[in-house]
Amino acid sequence: MDRSLIVLATLNLSLGGLAFLLGLLILRENPRQRLNRVVSSMLFFAGFGSFLAGVGFLGTRTLAVAADTGAGAMPLAAMNPVQSLAYLWEFFFPTLFLFACLYPHERRFTRRPNFARRWLLWPPFELLVLLPHIVHFVVLLALGLIAPNLAMPTTNALRALNAFAGLFALFADLFLVVHQSLFSVVNLGFGLAAIGLLVNSWQKSRTPRVREQLGVITIGLSLCLALYVMSAVIPGLSRLSLSPLMSASLTAGALLVGAGSIAYAIVRYKFLDVRLLARRGILYGLATALVIGAYLGIVTQARRLLTAFVHVPTAVLEPVFLIVALIVFQPILGRLEELLDRLFLGDPADHRNVLRQLGRELLGTLEIETLLTRSVSTIGDALVLRRAALAAFARDQVLFRSTTGRAPEAADLTRLRVLLAALPEEEETLRVADGAQGLEDSERDWLVNAQGIALIVPLRAHGELLGALLLGPKETGTGFTSEDVHLLGTLAGQMAVSLQNALLVRDREQAARLGEEMRVARQIQHSFLMSEFPILPRFEVHATSIPSKEVGGDLYDLVQVGEHEFVVTIADVAGKGVPAALMSSMLQASLRTQAPSIHSCAEILRNLNSLVYRGGSVHQFATLFVARIRCDGPRITFSNAGHNYPVLLRQGGQHETLERGGTVLGILEGVRFDEGTMVLESGDRLLLYTDGITEAAGPDHDMYGEERLYDLLRSLPAELSAREITERVLGDVRRHLNGHEALDDMTLMALRVLAPVGDLEGPSDDALEDSLTASS
């Protein structure tokens, strides 16, 4: 047999075996994944055709020519079923087209058309694409089976049939030549369409790694197609005749470039999410092949030289060469594997290195926003995900960050938190489509369809659920590999520690901000609360406000209008902190502006209601009581906007509540308020208070209440000053609290009507001294 035939046979068998092994590797990675099945089929068909061509070259020259799919058509009489099987190589082209239709996204035209949705027997897209080649292969196989049986005995009786058989063979040969020549154009059409789709996908893709994969594969498959055109299409459509060596070399080159580009994309860019172990296997297999090739070349030349000059038998030299190879080539192989590993697998942009680097960076990250944003962005890019999100469960809310920039509704976040808390603690990762213990079908459908979540990675520290990684499907449609899940599980442990630290820092920062806000609020509140009260004819006034831990919006004020009239008010603004204090300040400023010029208390409340409704936030409102008091012939005109009813204790011991008015301020615009008027007498006492008094709750959660307040007021001696009245009330409330912390500000204002001294000469010296006391 010629040396060239041996070389061609070895080359085709080796490449066919490598393509077959590569296809098997891809199929084993995820046999349920449609894309893996298509790519592995593409490599199987290519490898099988090359393998049969190699077997042909090991036989006769005629069989070798026949087995070469690029050598043009052969006579029908020379065909047999074995040579027909060699045309399985051509199934490479429709599977290549199928691959381009599915990667990186499934094309719309691959789905069943709308008009055929009710047809149960409508063929799948894969069968429609493969159908021309199936017919082509069946025709060639049938001709191969019929050809040996066309020869007839040359007897007189069967001479007519023999002539007919010869005529049939002639037409069959002609049909075969035309069919094979034109079918190469069909292969070319599939190839060009596939390249066009891949280029289009490369242009549309915005994911760097997918673009890199598409670039490598498109270039490799384009060169593969070009070599096929030179070996099969051009000779088939023209009179150009290639030698078996050239034709087989071009075909082997096409297979080498096509399969090599896929192997390079797998090793360098993690095409089809092939695991690291398989990628290393490809890389180290290449290193071993290079070393073995070098060894065979060196040993062959060395054996030839030594045999020529030393005349030592080959059998004697073989052990020497093997010992030298073990000593010299083993370290070379190790160094070569390290070099290839560093070049192809040591890329800093590789997802393994990126996720490990992220874990190291997060250990030093204490800012919660940076941690959330950095995590979802890096994980989404590293794993080429359509969507990645991170939910962190703080005490007061669910912090959510997503690569899409959109967050679920508050109700969905609450549902997600409850759902994740119900999952078993031993679940390190959860493939949503597979379900899990404690996850109902409706909840799984909600996660997959409504939220677009494919994989959940809970973040736990010391048994506490701090959050979860919520990962959507990959851009390429491939699933999460065991390597991905293992890396994410390792990263989750580091992220949980970082998240716990960041949440603790956030709580401390919030506490510090809240403390500063409370300090500012107390300053604002202290600035507008009166500390000294004016000397008034026939009236003694004292007020105090005891702030709770959380500063509220309590307000009291007194505005003197002329010599014999003054306005008092008490209010409670909804909310806590600086917003409530600022609203109280705004109400006080408006009241002081209106008091000298607007006599009607009801009109003052209407103006204040418009101010709160238009100037406050949606959820901000206030209760307020305002009264105008005349000192001469003492009487009080008042209006109450939803505030706790002030209580007027008469000299005889009976009490009255001041209820006339309307609704709270800031709820509705244009509300009308009523006002009431009462005549005051010497010895009457009026107490204004906020709900911090009546709603003060003791250890048994029993509130102080209005009745207890009324009983206390009736029991107080009539000679008590306004200051002493407030002190007695606050003392009784503190006894009711019994050491419990007050949850709201406690604000009181007491007014005492004094007996007349002469003709409005003012209060006695003792009353004047009490009126100058300061508020606590």
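Every residue, even glycine, has its Cβ placed from backbone N, Cα and C.
Not measured: the values here are computed from a predicted model.
Per TrEMBL, the feature transmembrane segment maps to 6-27 (among others).
According to TrEMBL, the feature transmembrane segment maps to 39-64 (among others).
The annotation transmembrane segment is assigned in TrEMBL to 84-104 (among others).
Marked as transmembrane segment by TrEMBL: 125-147 (among others).
Per TrEMBL, the feature transmembrane segment maps to 159-178 (among others).
Taken from TrEMBL, the feature transmembrane segment covers 185-202 (among others).
The transmembrane segment annotation in TrEMBL covers 214-237 (among others). Tertiary proximity for the transmembrane segment (214-237) is limited to same-chain residues at least six positions away from its ends with a CB under 8 Å from its CB atoms, namely 69-73, 96, 103-104, 180-181, 184-185, 187-188, 191-192, 194-195, 198-199, 201-202, 205, 246-247, 250-251, 253-255, 257-258, 260-262, 264-265, 268-269, 271.
Sequence annotations record features per position, and here TrEMBL assigns transmembrane segment to 249-269 (among others).
Residues annotated as transmembrane segment in TrEMBL: 281-298 (among others).
Annotation source TrEMBL lists transmembrane segment at 305-329 (among others).
According to TrEMBL, the feature domain 'GAF' maps to 367-509.
Marked as domain 'PPM-type phosphatase' by TrEMBL: 536-753.
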Worksheet item: Same-chain Cβ contacts of the transmembrane segment (185-202) under 8 Å, 6 or more residues past its ends?
Response: 90, 93-94, 96-97, 99-101, 103-105, 107, 132-133, 136, 211, 214-215, 217-218, 221-222, 225, 228-229, 232-233, 237
Worksheet item: Are there residues at least 6 beyond the ends of the transmembrane segment (84-104) whose Cβ is under 8 Å from a Cβ of it, and what are they?
Response: 34-35, 38-39, 41-42, 45-46, 48-50, 52-53, 56, 66-69, 110, 125-126, 129-130, 132-133, 136-137, 140-141, 143-144, 183, 186-187, 190-191, 193-198, 201, 205, 207, 210, 213-214, 221, 251, 258, 475-477
Item to complete: Calculate the per-residue pLDDT averaged over the domain 'GAF' (367-509) and state the result as an integer.
Response: 85
Worksheet item: In the domain 'GAF' (367-509), how many residues does DSSP put in helix, strand and coil?
Response: 68 helix, 30 strand, 45 coil
